[in-house]
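Asks: Can you keep this structure in mind? I'll have questions shortly.
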């Protein structure tokens, strides 16, 4: 069976009812204080956003490129397992969440599109190198080693997930969707000239560049346990992109960047915010800090769109992680970001206990579609991964002592808010000329019903 798209609201939504991102945005419906000045209280703004959402159904789209989960060859003992994408996609469909979204199989990114950010020599090496390529100085130059091994289909894998992010960003930019989900993307460590941290192509940077063709300002939020260094580096001198990363920092934890003192340079000064955390942070502390930082960021920066990287290695019991977050708490950060009613690009990222990655991203898909799903997992070919409980919200029992004190977290929060004070509201941005859209727009491609 071939299906062009799924749209749960195709018959239910009245034609005259706009989606929430095309409705009057809450910053444009400013309130006034008694003295006639504008009421810019962040709490008031978020209340307005929630009011908008209560009246408008967001259109959600979901992107899963053909074959992206087939690449098993980072290495038998390598922690990155693309099979986690297949587990997630099966659960999403097993719960019937595809019925509440438009589902697309996007085309792969072209070389020209990858070179919108990445160096041409690097992309050339990536496209031509195979496991049988003799070692040379280029392997060291482009950082291909244990973390970033060469594997069969490496270049196609990169083109697939990058193409999905670009397709999602384009639909957001033209108003064809309100929320775009690509769990195959979110590879935030890749740099302009090199691979890094299991990441070869930085699809996030490519997606943000696409959004900047339409939106004057884009807010990037990262809840992976690892610092979003590749995205930060790409926009470190820009005042059109604010990057906010919540991550483990210290004790030589990869990538050893993301100190609170890293705030941008030049025009980008104070538009880079880092929230360094210690081992063992729990649900209550993390969610409270997230909300207390993100709300004033949205109020001050006033982005036209948000990109949210949802790395699931910040969950408890992750193979490479050291936090104690539950799936519910991770999802609460997604729900809070959604509540602002801005065009939202949601991406995957890290996550190395793959059964919990699939649980997390499936739950967050339900959050984004506004759909309640039962705790009992649907039957899929991957049932064995979720034994013995076969539950969505498996307890991720704390195994790491919480080294984040209330005073240390409050100190971090105060420092972040101090940086925001320097911005004095959203910058007035003159849209710079961007290179032409090399893709010539996005293309709808058929989705095969996996059932």
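The backbone N, Cα and C atoms fix where each Cβ goes, and this holds for glycine too.
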Asks: Per TrEMBL, which of 412-431, 432-451 is region 'Disordered'?
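Replies: In TrEMBL, residues 432-451 carry the label region 'Disordered'.
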Asks: 147, 352 bind substrate in TrEMBL, but which of 96, 197, 304 does that record place at the same site?
Replies: 197
Asks: Which of these, 124, 313, 318, does TrEMBL list as part of the divalent metal cation site with 224, 226?
Replies: 313
Asks: Run through the Cβ atoms and count how many others sit within 10 Å of the one on residue 189 (active site, proton acceptor).
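Replies: Result for residue 189 (active site, proton acceptor): 27 neighbouring Cβ atoms inside 10 Å.
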Asks: Mean pLDDT over the domain 'Histone deacetylase' (78-367): what is the value?
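Replies: So the average pLDDT across the domain 'Histone deacetylase' (78-367) works out to 97.
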Asks: Report the largest Cα to Cα distance, in Å and rounded to a whole number, among the residues 147, 197, 352 that the record lists as binding substrate.
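Replies: Comparing all Cα pairs, the maximum is 14 Å.
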Asks: I need the nearest neighbour of residue 189 (active site, proton acceptor) among the binding-site residues 147, 224, 226, 313, using C-alpha distances.
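Replies: Result for residue 189 (active site, proton acceptor): the nearest of the binding-site residues is 226.
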Asks: How many neighbouring Cβ atoms, not counting its own, are there within 10 Å of the Cβ of residue 352 (substrate binding site)?
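Replies: 21, counting other Cβ atoms within 10 Å of residue 352 (substrate binding site).
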